[in-house]
Amino acid sequence: MSEGPVKFEKNTVISVFGASGDLAKKKTFPALFGLFREGYLDPSTKIFGYARSKLSMEEDLKSRVLPHLKKPHGEADDSKVEQFFKMVSYISGNYDTDEGFDELRTQIEKFEKSANVDVPHRLFYLALPPSVFLTVAKQIKSRVYAENGITRVIVEKPFGHDLASARELQKNLGPLFKEEELYRIDHYLGKELVKNLLVLRFGNQFLNASWNRDNIQSVQISFKERFGTEGRGGYFDSIGIIRDVMQNHLLQIMTLLTMERPVSFDPESIRDEKVKVLKAVAPIDTDDVLLGQYGKSEDGSKPAYVDDDTVDKDSKCVTFAAMTFNIENERWEGVPIMMRAGKALNESKVEIRLQYKAVASGVFKDIPNNELVIRVQPDAAVYLKFNAKTPGLSNATQVTDLNLTYASRYQDFWIPEAYEVLIRDALLGDHSNFVRDDELDISWGIFTPLLKHIERPDGPTPEIYPYGSRGPKGLKEYMQKHKYVMPEKHPYAWPVTKPEDTKDN
């Protein structure tokens with residue numbers, strides 16, 4: 001029986017490429033500190049930041065990162081901050097020349113020698129734009145790869161621009177790293193409620209038994225952002241909302257929602273089932289997609305997407321999209337799975353909504369459908385909307401809920417941030433929450449025909465919707481077309497998803 005993956009614990013070397021960038025400043029270094037603060041990153045770990053910017057460690061890198069470090073224990077965490085920065089060194093170097101990487105190798109080997117490391121454990125985090133990713137990967141392999149140890153490489157999205165570019169990237173990476181050395185990170189897989197999906201589904205018989213076409217009428221996966229591109233239009237214009245969040249984040253949620261029970265919770269069993277369900281996804285109907293682009297707010301205070309100076313005034317970039325997936329297998333055939341995502345909407349949230357079929361007619365002439373709602377962010381919660389008799393002498397019914405609100409139920413728990421979870425998983429050698437090469441290939445195969453349809457010269461023109469609205473006017477009709485029953489007739493008090501002043505007894 002083979003042993004599990006090697007855990008990186010004492011005297012691990014972590015190198016963060018792109019250390020001067022926003023991702024490293026706001027996510028990578030704060031995640032490393034969070035793990036250290038909570039005792040999940042050994043103090044013997046050595047962290048190297050590497051970037052082209054000529055920064056000093058004390059005045060520049062530290063001052064950039066410090067405002068983003070969370071200190072839940074107040075002043076008690078100040079000493080942890082100082083200890084953490086003593087673990088960090090910074091190296092300035094180009095990505096396409098050897099000198100900087102030679103210096104990094106020298107510093108790594110010096111540390112490992114002083115720590116009497118026999119089998120090097122090296123984790124490389126590529127917080128880099130796609131344009132330099134392959135260049136750095138080649139330098140890692142030729143200059144700092146642990147030939148007599150274990151190397152792991154965390155890769156940030158985007159993993160390609162379409163199916164052809166993703167395959168080209170995989171082709172170029174193949175000679176450099178084994179699949180088990182690569183950790184393609186999608187941070188949504190580290191979010192607490194996304195990680196909880198398999199337990200909710202398969203650890204509760206009443207949910208597991210009803211999670212199928214016999215009981216569920218429709219499924220929605222929604223991503224809403226209150227803000228627009230805010231000066232990033234030039235970058236977003238070549239990406240669009242589909243590549244930004246749907247081909248990756250939301251599709252990952254969909255696979256966990258719809259996959260079959262794995263034979264075990266080991267990484268490959270989970271990823272095998274994700275691949276199986278992706279293979280059952282029917283091609284997207286390009287004529288059954290709702291596309292939008294935000295215009296000015298109705299009061300004129302917020303600009304339109306094309307008002308961004310970095311965006312072409314004739315841009316047809318999609319900032320809102322809604323589409324429906326059909327999974328051709330025994331569990332899901334006939335159940336529309338709607339995915340929608342947009343910027344500059346009326347609120348910011350990510351949620352999953354499973355609407356159950358209506359009860360048989362008879363004593364109940366007009367009663368709402370049950371819904372299971374999983375709020376990923378903000379204010380993580382799970383609640384089941386169901387019908388109950390209104391208190392009193394009447395036999396009237398009302399919609400109420402059973403709800404699990406994380407902020408009140410788990411007040412005394414440390415709930416790690418997504419990047420903390422995933423970096424920890426990489427250190428442990430756990431691939432469960434990372435994207436495998438065949439999974440990536442199939443996901444691009446699903447979306448690339450739609451992207452080509454949208455981006456051809458005579459492609460569809462997105463519907464303009466006001467900044468701060470719910471999205472294109474056709475959204476309600478689109479949802480109803482795909483079997484979602486609007487609950488407009490039935491008043492409902494949404495559960496409180498923020499901690500209250502008093503704890504439950």
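Every residue gets a Cβ built from N, Cα and C, even glycine.
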- Query: K157, H187, Y188, L189, G190, K191, D244, K343, Q377 bind D-glucose 6-phosphate in Swiss-Prot, but which of E225, E260, E268, E328 does that record place at the same site?
  - Reply: E225
- Query: According to Swiss-Prot, G18, A19, S20, G21, D22, L23, A24, K25, K157 bind NADP(+) 1; which one of R37, R52, R143, R167 is listed for that same site?
  - Reply: R52
- Could you let me know which of Y50, Y145, Y406 shows up in Swiss-Prot as phosphotyrosine? Y145
- Filtering S92, S142, S218, S222 by Swiss-Prot annotation phosphoserine leaves S142
- Task: Filter the recorded positions G18, D22, S142, Y145, R375, L384 down to the ones within 10 angstroms of K343 (D-glucose 6-phosphate binding site), Cα to Cα, kept in sequence order.
- Result: none
- Within 10 Å of each Cβ, count the other Cβ atoms and name the one among the binding-site residues D22, E225 with the highest count. E225
- Item | Candidate with the highest Cβ count within 10 Å, taken from the recorded positions Y145, Y188, Y383 | Y188
- Determine, to the nearest whole angstrom, how far the Cα atom of Y145 (phosphotyrosine) is from the Cα atom of G18 (NADP(+) 1 binding site). 18
- Query: What three-state class does DSSP give Y145 (phosphotyrosine)?
  - Reply: coil
